[in-house]
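Undergrad: Pulled from Swiss-Prot, these are the listed features:
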- 46-114: domain 'BTB' (DOMAIN)
- 149-250: domain 'BACK' (DOMAIN)
- 296-340: repeat 'Kelch 1' (REPEAT)
- 341-388: repeat 'Kelch 2' (REPEAT)
- 389-444: repeat 'Kelch 3' (REPEAT)
- 446-492: repeat 'Kelch 4' (REPEAT)
- 493-538: repeat 'Kelch 5' (REPEAT)
- 539-585: repeat 'Kelch 6' (REPEAT)
Amino acid sequence: MSVTVHENRKSRTSTGSMNISLYHKLSHSDCVLNHLNTMRKQRLFTDVTLWAGNRSFPCHRAVLAACSQYFEAMFSNGLRESLDNTVNFHDSLHPEVLELLLDFAYSSKIIINEENAESLLEAGDMLQFHDIRDAACEFLEKNLYPSNCLGMMILSDAHQCQRLYELSLRTCLSNFATLHNTEDFCSLSKDMVLDLISSDELEIEDEQVVFNSVLHWVKEDLDKRKDYFPELLRKVRLALLPSELLKEAVVCEDLIIADERSKLIMDEAVVCKKKILQNDGVVTSLCAKPRKAGHTLLILGGQTFMCDKIYQVDHKAKEIIPKADLPSPRKEFSACAIGCKVYVTGGRGSENGVSKDVWVYDTINEEWSKSAPMLIARFGHGSAELENCLYVVGGHTAVAGVFPASPSVSLKQVEKYDPLTNKWTMMAPLRDGVSNAAVVSAKLKLFAFGGTSIHRDRVSKVQCYDPDENRWSIKAECPQPWRYTAAAVLGSQIFIMGGDTEFTAASAYRFDCETNQWTRIGDMTAKRMSCHALASGNKVYVVGGYFGTQRCKTLDCYDPTSDSWNSITSVPYSLIPTAFVSTWKHLPA
């Protein structure tokens with residue numbers, strides 16, 4: 001038919017405009033794929049044969065290349081296989097696993113179970129079937145147990161499955177007491193052992209177990225691993241070991257006797273041990289820092305929003321026990337723990353005056369003292385410990401004539417307190433002044449999430465402070481504008497929960513401070529505004545808060561490995577939590 005005749009036969013409306021209809025058969029791609037699968041099984045138009053073991057699999061190059069970058073590169077880059085009619089994997093790939101991958105390529109379906117998940121992960125990674133690798137990872141994440149977590153660490157590290165590695169690591173940290181002398185532990189790489197023993201989240205109350213596990217791992221392959229010993233030894237909290245064991249190890253342990261670096265590390269630990277006993281609780285050295293499993297959880301609160309008492313959380317008895325009275329009741333303060341001490345900064349007293357005061361509670365001697373006052377009186381601020389110093393961030397002030405601020409203006413000013421010198425120093429200001437922000441430290445940096453701006457708006461920024469540069473920067477945007485939220489830290493993961501809107505009050509998110517990526521996690525059991533959170537023993541705890549007229553009366557726990565929340569115990573009805581901190585239980589004797 002000529003073009004002219006075709007043009008004359010085009011359908012036109014009465015106005016002369018084109019009348020066009022788009023036909024889209026939704027099932028077309030499925031029909032094509034199903035027919036290709038039928039032709040594969042009948043060996044019609046197949047142009048390549050894959051071999052695994054002693055089995056052959058006729059296929060279509062185009063289908064393989066469309067599903068796998070591995071095959072796309074193989075068939076298009078002039079490799080020998082692009083010309084040959086066969087690709088032989090020999091024994092590097094199990095025939096049944098290759099068959100599953102090909103069935104997926106031609107049907108978009110695959111059954112993953114406990115028997116094939118690891119093999120599919122390995123094969124999916126090798127042949128760049130990324131969907132299969134990710135699906136196998138997700139399956140293994142949901143089937144992670146103490147009995148297989150060490151093996152999953154090794155597998156996920158080999159195939160760069162970051163999420164599976166992190167979950168496996170957390171499970172190992174939680175069960176280290178039963179895993180440290182297993183064959184799988186001895187199969188870990190040096191870097192994996194370092195990830196475990198250097199973590200504050202390692203759930204072990206007797207540091208001797210960690211010390212012995214390092215010796216056991218090194219001696220399992222002494223010739224290859226003895227050079228790693230000093231690096232590993234430095235991550236053991238040696239000053240937490242009994243004095244007699246420290247002395248005995250220096251004299252009797254061959255690995256220490258034979259290495260000058262190890263001797264020096266042990267000598268430093270002995271000196272630190274002596275300083276601990278002499279300095280009555282002032283400890284800054286890593287070798288004396290207890291793991292978080294050796295921490296005590298303390299709630300600061302009162303019968304009203306005016307806080308007047310400290311309470312201790314008893315994990316085992318699931319009780320909240322009154323501990324000590326505050327010497328000066330206050331509200332809208334911030335509290336932060338450094339070692340065995342709790343620092344209560346600022347706030348407003350009974351007459352609503354804004355305070356510069358800093359009260360310090362010594363959990364060892366159970367007594368209060370005053371430290372040097374802050375440079376600016378403030379309330380509604382945040383505080384966090386960073387490299388054994390205390391930082392206070394943002395908030396409000398009502399001190400006229402010092403800074404052009406009022407209770408309605410959010411501060412940019414940041415102060416740093418050094419417990420060793422008992423002095424405060426002004427640091428670089430926030431990029432944007434905020435109050436009621438969630439402030440935490442992670443990976444040697446400070447983070448401030450959301451808050452209330454100088455215009456009284458909710459803030460959606462993540463502000464980050466780098467102490468090396470003494471500078472704040474904007475790292476990311478929050479999933480939504482936030483204020484009156486809580487934050488807790490597990491390694492490089494920061495967990496944010498709660499807020500003052502219907503949409504944020506029950507929500508919870510995970511922020512990776514190394515990649516600046518957000519992930520939505522399971523919602524809390526209740527809506528919470530002005531709640532308080534901390535991390536201990538690879539779990540996140542949240543307490544307090546309210547929404548509308550409803551007060552939250554439970555202490556809840558979030559388990560990252562199962563992405564689930566549950567209530568631990570009820571908070572006494574008369575207690576309104578104002579702060580939540582974690583301190584060292586004791587100094588090692």
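A Cβ is built for glycine as well, from the same backbone N, Cα and C atoms used for every other residue.
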Undergrad: Check for me, if you would, whether the repeat 'Kelch 1' (296-340) reaches the repeat 'Kelch 6' (539-585) - at least 3 Cβ pairs under 8 Å, residues 6 or more apart in sequence.
TA: yes
Undergrad: How does the model score the repeat 'Kelch 2' (341-388) in terms of mean pLDDT?
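TA: Average per-residue pLDDT within the repeat 'Kelch 2' (341-388): 93.
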Undergrad: Under DSSP, the repeat 'Kelch 5' (493-538) has how many residues in helix, strand and coil?
TA: 0 helix, 20 strand, 26 coil
Undergrad: What are the helix, strand and coil residue counts for the repeat 'Kelch 6' (539-585) according to DSSP?
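TA: Secondary-structure breakdown of the repeat 'Kelch 6' (539-585): 0 helix, 31 strand, 16 coil.
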